[in-house]
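To start, the structure itself, in structure tokens.
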Amino acid sequence: HCFFSSRSSKTFKPKKNIPEGSHQYELLKHAEATLGSGNLRQAVMLPEGEDLNEWIAVNTVDFFNQINMLYGTITEFCTEASCPVMSAGPRYEYHWADGTNIKKPIKCSAPKYIDYLMTWVQDQLDDETLFPSKIGVPFPKNFMSVAKTILKRLFRVYAHIYHQHFDSVMQLQEEAHLNTSFKHFIFFVQEFNLIDRRELAPLQELIEKLGSKDR
């Protein structure tokens, strides 16, 4: 991922690093190498002999870092005033609940929602019982459902950026970067069926367009 412009080096939350020398780091390097080949459908497939949970874990961390960086480039345009609700176009509005601290969904501004969301994701990624970084430590039984919830929520940040801030993205000349990142994300969740179709509805047209260019 060497195509970040200098101003986008400010991330929204601290980057989540995968320890160098670890097997997960090797997997991440493999993912980056296959991405370079340009065939995204192939790049997202589970490499031969690898553990599905680990592959999903590594990619989830990578998507968190990418979205973190993409949102970091436009935070100044995503304010309480510009985005009093967390929306993805006029038909979709999201209310925040994490099931532990906030049990009843609350209506809040987009910057607040995304702050809640990214902090929540970060807490999951930092939890060694959910995302074990040590070799040989097994993934928990509920890993898949946790990963699906993380990806479902990360999708909402893409959806908000596309619907409410695409002008800013274009002014910053980040649209190729956003599109590449989102296409990788979508091909990945499609490959392993990780997000319900209904959840993807706010960007359905874009998803179809990205998919048809590749057939």
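Glycine too: its Cβ is placed from the backbone N, Cα and C atoms.
Straight from TrEMBL, the features:
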BINDING   C78, C83, H160, H165  Zn(2+) binding site
- [ ] Run through the Cβ atoms and count how many others sit within 10 Å of the one on H160 (Zn(2+) binding site).
- [x] 26
- [ ] Inside 10 Å of the Cβ of C78 (Zn(2+) binding site), count up the other Cβ atoms and send me the figure.
- [x] 21
Open item on the list: Other residues near the Zn(2+) site, CB within 8 A of the CB centroid of C78, C83, H160, H165?
Closed with: I74, F77, S82, A110, P111, I114, I161, Q164
- [ ] Note down the number of other Cβ atoms within 10 Å of the Cβ of H165 (Zn(2+) binding site), including every protein chain shown.
- [x] 23
- [ ] Run through the Cβ atoms and count how many others sit within 10 Å of the one on C83 (Zn(2+) binding site).
- [x] 19
